[in-house]
Structures are given as structure tokens and as C-alpha cells.
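**Student:** The structure that follows is given in the form of C-alpha cells.
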């Protein structure tokens, strides 16, 4: 094997600053997510009492925002500093993390397709758990309301699922004004109303079941999401492909820059 030495071997400024620009977007997005998450927690008083997170039986959407923020901030920081300082360790960390995330996304997509019944059961358990905690966290409440309004659905499999919540439960032991009702996001919207009626779901389940569809959505959100996916399969596939291409592009830039740095340090090309 012959080694050809180049006295003017150098790191490509094009790849270096392109990778920096690529990662500065990640880093800024991470800062934005972290800022939004911490602000939301401060508004709910969680920062002064972190045990509130563990006492919530459902999931706090802010936790997901913070996790995404931490990941994006860490990767963006590693990529930016690694590119500017030509630090191989940081660049390898960035590249390895992106590769890991890419294969995790691919594995989740394949497993979700192969084990649809299992995914459906887990989503039902997840949704029912959050129904129980509907009134415990304002962000969780807004998330469920947005999901139900956007998909014109109510509960996991139907309005009866709201019996799982202590405030909407129809049992005789409940003294809540919302007893035997559903959240306003389950109500069929009235075009004549300009102001949202947050009490439209009160006592609706005390009426005959055959009349429910006149006032509320009777389709469960799991069925609604199962119907939404085939109608929007090209959009979902396009988003997945776009994200994958961005990740592959980032991996390519990082690996190219690492090769340049190693070549300069070695003082030769093969």
C-alpha cells in the first residue's frame, strides 16, 4: 500500500460551516423547547414542587417537550462545538446519536406496523390513564380536548370511557356537577354559537343513548385515528422521509468532517 502525502491537506470550510449551520438550528430549537417547557412548569408551580410530576397519574405533556428540548439542545451543542473546534469526540458523539435515533425511529415504525393490535391496546391504556387525570393537569386537559375536537371523537372507544374520570362518572357516589357528562370537546359544534359553550356536555349521558349523536361525538378516538392514518398516509410518509433525509444529511456532514480532520492529523491521504 502506498501513502500519498499532501502538505496542504486541510479541513473543508464548506462542510465545517454547513454542519455548524445545520446544528445551530437544532440548538436554537432545543433552547426554545426548554424555555417553553420550563415556563409552563413555572406557571403550574412545578418548579417549586417537583413532586407534582410524580403525583400525576397520566402524562404531563410538558415532560415530553422538555425531553425533546434536552435531546435537541445536547445534539445541537455537540455538533456546533464539534464543527467549530474540529473536535472528533464531539462529532462522533453527534453522529452516533443521530444514527441511533434514526434506527430507533425505523424500528418503532416497523414494529408498529407488524404489531398493530399490541399498539392499539397500549394506546387504549395510555388514553384511559390520561382520561383519569383529565382534571389534574391543565396541559393534559388541553391536549385531550385538542385531540377530541380535531378528530371529532370522544373517549378511547366512546363516551362511556369518561366514566373512568371521577368528575364525569355516573355512579351514585359522585356529587360532581359534571356527573354523567363529557368534556365540551366531545360536543358537536353549533355553527350559530360564536362563544364556546364549556357546559354543553353536562348530563348528556343521562339521555337515551340513541340521542347522544345529536349532541356529542360518539366515535372513539382510537377508531378516529385509525381512519385518519389511511387518509393521510402520503403526508405521514412524506414527513417521515423528510426527517430521515435530514438525519442522513447530518450524518454525512459529520462523517465527512471527521474524515477530513483525521486526514489532516495523520498528514496524509490513502
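Cβ from N, Cα, C; glycine included.
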**Student:** From 20-41, 130-151, which range did TrEMBL mark with transmembrane segment?
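**Tutor:** Going through 20-41, 130-151 one by one, TrEMBL flags 20-41 as transmembrane segment.
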**Student:** Only counting partners 6 or more residues apart, tell me which same-chain residues put their Cβ under 8 Å from the Cβ of residue 186 (disulfide bond).
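**Tutor:** Listed in sequence order: 148, 153, 154, 155, 159, 162, 201, 216, 217.
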**Student:** Do you know which of the disulfide-bonded residues 153, 170 has the most other C-beta atoms within 10 angstroms of its C-beta?
**Tutor:** 153
**Student:** Can you count the other CB atoms that lie within 10 A of the CB of residue 154 (disulfide bond)?
**Tutor:** 27
**Student:** Between the stretches 62-84, 90-115, 233-254, which wins on the count of C-beta pairs under 8 angstroms to the transmembrane segment (20-41)?
**Tutor:** 62-84
